[in-house]
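Take a look at the structure below.
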Ligand SMILES: Nc1ncnc2c1ncn2[C@@H]1O[C@H](COP(=O)(O)OP(=O)(O)OP(=O)(O)O)[C@@H](O)[C@H]1O
Ligand SMILES: [Mg+2]
């Protein structure tokens, strides 16, 4: 194990890092921080939740010259929520040094961003569309940038985003450091990436599998029509602390969130058609736990680090193995454990095997739970509540009444009644979901480069086909 001290960081950064509670460097941090400090270009690939943000963030902040008021580094991220999260982490790393970090992303008032840009941020973290917007307005100048980071690089170099990235890099000096990070880096995308880099060092944290071992992975083979009842039974049995349910389309996400609410679950949806204010408020509620189920499209699959996510349910099987890796990676982060369950319709079983082959990890088959099992699960939850009440509360006020009741009724009937009242019986309120057609059978070769369209930022600038679904 390598400590941060051994990496030769300044005492200012050491202080900030220990304030963040980091003791040892994770493998990707230990491997890439020294290279970045030497100004090498780096492609860093390591599993989800293993600290890639700090891997690029620490050397980035270390190299900021506090006597220079120009923008010195830009970090580009595929979604707005991720841009915000990364900027918060960079802010923490730079807190003792007092580095100024500014997130800029679509959906936020541009005038406000322009005012913030005038306050001389050292680091900009943004989504591609909004960065280009500010470059064109001349409210963002990049001629003093010495470091560019692409977080979720493969996603951003996917068809549709690659032109945006190229356009941004065209405004940054050639003499620069370029850092690319992701948990996945398909070969053809890596080749595109290398065009933007100078003699890059490829750092892959050696792992047998693409996914982290601390996520238990299951699949349930199931007909489309039975998915929803199965989901609610699983929720009843597993009582996740926080769960993310991924659906294939925006409509799917809206319908699922509504259906879950109908059955009494605290769920809300997030996808690219919602206003930015709504997206942020849904995410905030989820982090605080005032809702415990987040229903999402792939817009929430990449990079988001929310502690307490114990379960990921793929209500619809992901489009490609990369999406699978990132979706399930929202749990099992920073050494914690997690459970991922993927629903697959009989016609999609080939897609499941394709995912397994790519991730080099088999999912374990799980039987769809029965209604009785769901009831048992809820009963268990009720008993836990009862026991916790005994432990945590002063019950003296209630004891007189209890004693009186026990004179008239037998103790087993009384306790059974209490459990029954506390048990949330599985709700079978009928709900209506529009059926999603199964994924088309894969044409292997075409997969990465041609298969997907631009997504993420909602501005329309270039006349390009875009996914209307995310
Ligand atoms: N050295 C460390 N010690 C302890 N915790 C750490 C360390 N580095 C990072 N973390 C924590 O680990 C969690 C995951 O980090 P991060 O979000 O950077 O992962 P990631 O590799 O970027 O994952 P993803 O591929 O999903 O984007 C964060 O909560 C972060 O604060
Ligand atoms: Mg990340």
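Including glycine, each Cβ sits where the backbone N, Cα and C put it.
Keep in mind the model is a prediction, meaning the values are calculated, not measured.
Listed in TrEMBL:
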- 443-470: compositional bias 'Basic residues' (COMPBIAS)
- 2-30: domain 'DEAD-box RNA helicase Q' (DOMAIN)
- 33-203: domain 'Helicase ATP-binding' (DOMAIN)
- 214-374: domain 'Helicase C-terminal' (DOMAIN)
- 429-470: region 'Disordered' (REGION)
- 2-30: motif 'Q motif' (MOTIF)
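Sequence-distant neighbours of the motif 'Q motif' (2-30) (same chain, 6+ residues past either end, Cβ-Cβ under 8 Å): 37, 44, 46, 50-52, 54-55, 58, 61-62, 92-97, 203, 205. Note on the motif 'Q motif' (2-30): DSSP counts are 16 helix, 2 strand, 11 coil. For the domain 'Helicase ATP-binding' (33-203), the predicted model reports an average pLDDT of 96.
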